[in-house]
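Enquirer: Supplied in structure tokens, the structure appears directly below.
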């Protein structure tokens, strides 16, 4: 078992996520990742009865499990599977929330390759079902975090398929999205924006 | 890789789930588990734009991953973690849905040990947040499936802590719960009950 200096057990996620984590710890001297910040924020919402939002576990295809006597089952062979939904969902004032959080080092635009077709498809299904779907986009160089409604992301996705532009210009994110100021507790207060937009 | 006779890849879940699956295939000649029936029903709801409900992946603590050249990452050591929420959640007509599905071979009562304290706690948080929380209870001998609102489960949980009765009498489930008739498509049409109860 590998541990962080603070004693927390190291959990490698998918190789892609792993690469991202490495990138993140260079960009940011806070030593926190966007994911950790969101987990902290969700924990804050939970403990203050503001919202119930959880990150879904990383989907894993388990192939081989060992059941040693008198100790816990050990997974000996497994593979990362592609998720069929976004990473986060939950409930706020009765309404269903669903989102994905991504970051980029790019300074002038947000690359759409951060998303997968099935995630866009899932968010479309959520919107059709009158759920609240959005993305949290972080520009790591500027340390700016935006909330963009899924409805405002879809046109860029469709346009990419037509004219091939593979990113959203940062000025469009600034215009259509909502800046989330980085706070102390919760660190990323996205519910404040949701509250303004939908209630 | 181990495959079922129908060609589907075998995915062992937790040892407990594994044991349950074995039990299930003996009790039922349909050869389907409650989980598979619910997955089929959720797939039906999804493809017919009725609701978006997914089962969460089994949470796994990954300890060691191998990254072989030119092939997929292999998880070499991992452990089953206890989930902090229920297994299923999603959206129906904008509202947040959250539930757990359990079965028993017991003929006269439903054992409460099928649930964990943290699941009950999670459902209480969901209800506080005005989400729709419930359990799907299957009596395998009678082949009866009931939907019971989480609010109607909580008192039995509390009572268990006081007087130690560790199950819900079947007649109480019949009285307070709602029978879900087993169908063809979807197999377990729980949304029909949700629609009547909450909309």
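Yeah, the Cβs are placed from backbone N, Cα and C, and that goes for glycine too.
TrEMBL annotations: computationally assigned, not manually curated.
Take a look at what TrEMBL says about it:
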| type | residues | note |
| --- | --- | --- |
| REGION | B:1-20 | region 'Disordered' |
| BINDING | B:85, B:87, B:100, B:119 | Mg(2+) binding site |
| SITE | B:102 | site 'Transition state stabilizer' |
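Structural setting of the listed features?
Expert: Taking the Cβ of residue B:119 (Mg(2+) binding site) as reference, residues of its chain lying under 8 Å away and at least six apart in sequence are, in sequence order, B:83, B:85, B:86, B:100. Taken residue by residue with DSSP, residue B:119 (Mg(2+) binding site) is part of a helix.
Neighbour count (other Cβ atoms within 10 Å of the Cβ, all protein chains): 18 for residue B:102 (site 'Transition state stabilizer').
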Enquirer: Rounded to a whole angstrom, what is the C-alpha distance between residue B:87 (Mg(2+) binding site) and residue B:102 (site 'Transition state stabilizer')?
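Expert: Each residue's Cα considered, residue B:87 (Mg(2+) binding site) and residue B:102 (site 'Transition state stabilizer') end up 10 Å apart.
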Enquirer: Identify all same-chain residues not among B:85, B:87, B:100, B:119 whose C-beta atom falls within 8 angstroms of the centroid of the Mg(2+) site's C-beta atoms; report them in sequence order.
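Expert: So the extra residues in range turn out to be B:56, B:83, B:86, B:88, B:98, B:99, B:122, B:123.
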Enquirer: Go through the recorded positions B:85, B:102, B:119 for me and flag any whose C-beta is under 8 angstroms from a C-beta on chain A.
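Expert: Among the recorded positions B:85, B:102, B:119, the ones whose Cβ sits under 8 Å from a Cβ of chain A are B:85.
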Enquirer: How many other Cβ atoms sit within 10 Å of the Cβ of residue B:87 (Mg(2+) binding site)?
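Expert: Excluding its own Cβ, residue B:87 (Mg(2+) binding site) sees 18 Cβ atoms within 10 Å.
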